[in-house]
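Lifted from TrEMBL, the feature list:
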- 5-127: domain 'Gfo/Idh/MocA-like oxidoreductase N-terminal' (DOMAIN)
- 144-280: domain 'GFO/IDH/MocA-like oxidoreductase' (DOMAIN)
Amino acid sequence: MGKNVRFGIIGCGLMGREFASAAARWQHFTEEIPQPQLIAVCDVNPSGRKWFTNHVPTVQYEYDDYRELLKNPEVEAVYCAVPHHLHEEIYVAVIESGKHLMGEKPFGIDQAANDHILEALQEHPEVFARCASEFPYFPAMQVMLSWIREEKFGRILEIKAGFNHSSDMDTKKPINWKRQACYNGAYGCIGDLGIHTQHVPFRMGFLPRNVYASLRKYINQRPDGKGGTAACDTWDNAVLFCEAVDKRGETVPMTLETKRMSPGDTNNWYFEIYGMEASAKFTSSKPDIFTFTQSWGKEQAWADIHIGYKPMLPTITGPIFEFGFTDAILQMWGAYMKELDGRQVSFGCFTPEETALSHRLSTAALRSYEERKAMDL
Ligand SMILES: NC(=O)c1ccc[n+]([C@@H]2O[C@H](COP(=O)([O-])OP(=O)(O)OC[C@H]3O[C@@H](n4cnc5c(N)ncnc54)[C@H](O)[C@@H]3O)[C@@H](O)[C@H]2O)c1
């Protein structure tokens, strides 16, 4: 693979712009990693494309139909960041075009869509595909991952992970596609936020065997932004109570929560692990802090380490500085590009196989709520 990889973006919204920004500061890395070179963009909305043609000098091609972008032989890889109801059609088309794919979660609006995407990948083993998930790249989470690998926690008692928001507490906030099941899917907040809670436990070998789900809808209508109202028919909050089996074969209770109505939370991603020898917590609300306790028997004390800027892939930023969301996106893309280049990273992006497990869990969660009982996966 050459030094740069020529990329197209399909979906020039919030996440498309985040990718362009990360790709533009590749000089941040201190090691040689192939750089994404953004040459083509596609969006049905001209104003989405305009941002890119105004701000990204390497963009040479602009399309309103993704099929045209996929016909461009110069494009080697595609970042696809479109609403969930389009994942299946567009991801499968990207894969069949032989271009590499970074897809967005939930990697298909439902189980059938995800199955179809994975079948296309099986038929095209030459395509490298991953699903975006950036929070594990916070340096404090990298410490957490080392502690898990080094088995510092001893026998695991429990895991809790979550991704919570509060902006929907504003009942006057206008509707968008993420609050409408026809675009966002029946999973609601689980499909939108769930993969973020699953990346670390799945990769660390905590695999859910069953689930009991509590799903809540609080707001049924929202302003449509045009003076009227529109149905808001997605799940607002979900708590999934799972039993996972860890690498030792032990059963570990695992709670995964995804909430849009979580007072005080702004994009709060967290992970907590409780063990016989030690326990630890991370929350993106305190992005620099790794909180841990060691077991001294009867009593324990929590302590905070301020980790500083010590990410998985080294950068020019000094280790005493702070790390943030845009840095996590850059790390995620660095990991994707290294893996695409055939190199190892200590913590890689969410794999298509992991998205399949995620869909089995989300589908079982919906059935669990319908039948009000625990479901095996
Ligand atoms: N990894 C993360 O942290 C994260 C955060 C937010 C969203 N997402 C995911 O990213 C994806 C996109 O979300 P977003 O927040 O960027 O949404 P967005 O609404 O900001 O952007 C989506 C874009 O897709 C465009 N689009 C719609 N139909 C299209 C079509 N047929 N062809 C081309 N473009 C089309 C829209 O015009 C829009 O510009 C979703 O899958 C979402 O779940 C991921």
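Going from the start of the chain as shown, residues are counted 1 onward.
Placement of Cβ uses the backbone N, Cα and C atoms for every residue, glycine included.
The residues of the domain 'GFO/IDH/MocA-like oxidoreductase' (144-280), classed with DSSP into helix (H, G, I), strand (E, B) and coil, number 31 helix, 54 strand, 52 coil.
Counting residues of the domain 'Gfo/Idh/MocA-like oxidoreductase N-terminal' (5-127) by DSSP class, helix then strand then coil, yields 56 helix, 26 strand, 41 coil.
For the domain 'GFO/IDH/MocA-like oxidoreductase' (144-280), the predicted model reports an average pLDDT of 96.
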